[in-house]
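To keep things clear, I will list the structure first and then write my remarks on it.
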């Protein structure tokens, strides 16, 4: 089977492996009605999977030099084939040179491969993994070329299962799922802070270990967002490198990808977390229909998807369970998911961190940014957080008081907030435009860019204390993502001075600043 055919089959195989046997058979029937040959290949692969413990133990894309268990690649001995695709193979392996003992996931470029584009992708994946160090990312341990000329990457070996399968098998409660999903967000946010966009986020690339810890895998088609990065074409004749069901509209169109591309893909994974379904209801499930849906069709709200599923469920108990789950999604979670799945990147969350923070607000019972901050919504959230302390007529009085207070605050701050937001947008845009005007071929260093932003903020925002305070908070947050806690704390101290000496700083910014400063102190072990 050629690599292009494998890439055509791979997303369907991921989907089928996550289904129970009965649902899997029904889905295969749907695929067969549109493409009998595709269904036959999938059936053969599933038979291999069910008949042996080591999935795809017999190579699907046959290399010129067949690799076997016990073969040695550099200092590593191959133990078990874990998976295979058009670009190469992934083996469980262990050190064979006696220097030390360690089990790794060994990723190999297919022997005899002449496609220069794939060789560039493999080299770039090594470059990307070398800059990433995060507890929720499977890290790079070693890299090299075997005496036979086979390039390899030795990665942290993760014993786990795809995140959606883990959720289903253990019937993980909703709040616990959301907290686990925030681990995924933390990993992706770290990649973005290092100017890396993953571009292929999906459940099979997000594994969960026995102790409930997430590991993000496979940066094989990731993109570097910096000047001087080698350009690699992500499309190939007859196949695309990304997984269609999780692709963002801009990937379908062939437009440039950004960090908001990963926000969209995370939204699809989050949708599955909440509903065990994809966001679109399609009839034929063909690639063309999927592309049209991603580009033009509004996703079904998660709560509505569960309600429809409940209407089709035969068992009364199952119907009640689905309806109960649907009610929990109405409002906050519906709006959070729908914002991630906006067709236009600029209408999504501006960052993965913003998405994660909104999920944290929901878990804490606070108002989320994905919903309009109306007075009754804010007041209702307050009452829910303090429901044990407020009862009866007191609740009604507090509700009215909060509503009036929110209305007054919003009317007073509306003009100032709009002015401050526009000032920040213009300033940040000018910083990146200035960086883009550099004529040398060196990569743009993120830390230098952040330093330049602070220096320009000192000069150009001196008469905008609220905007300058917000800038310091933004840069401090990015510094935290890079692990520069000392620099982050210095900026937050400057932000604190600005806030304390200026009365026009919004209360929301004061609260955010205090929370961020507390987070830095907690991470550095300083309990001031």
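Just so you know, glycine gets a Cβ as well, placed from its N, Cα and C.
What TrEMBL records for 76-360 is domain 'Protein kinase'.
The feature ATP binding site is assigned by TrEMBL to 107. Secondary structure at residue 107 (ATP binding site), taken from DSSP and collapsed to helix, strand or coil, is strand. Counting only residues at least six positions away in the same chain, the Cβ atoms of 88, 89, 90, 152, 153, 154, 155 sit under 8 Å from the Cβ of residue 107 (ATP binding site).
For 388-408, the entry in TrEMBL reads transmembrane segment.
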Next item on the list: Across the whole of the domain 'Protein kinase' (76-360), what does the mean pLDDT come to? Round it, please.
Entry: 85
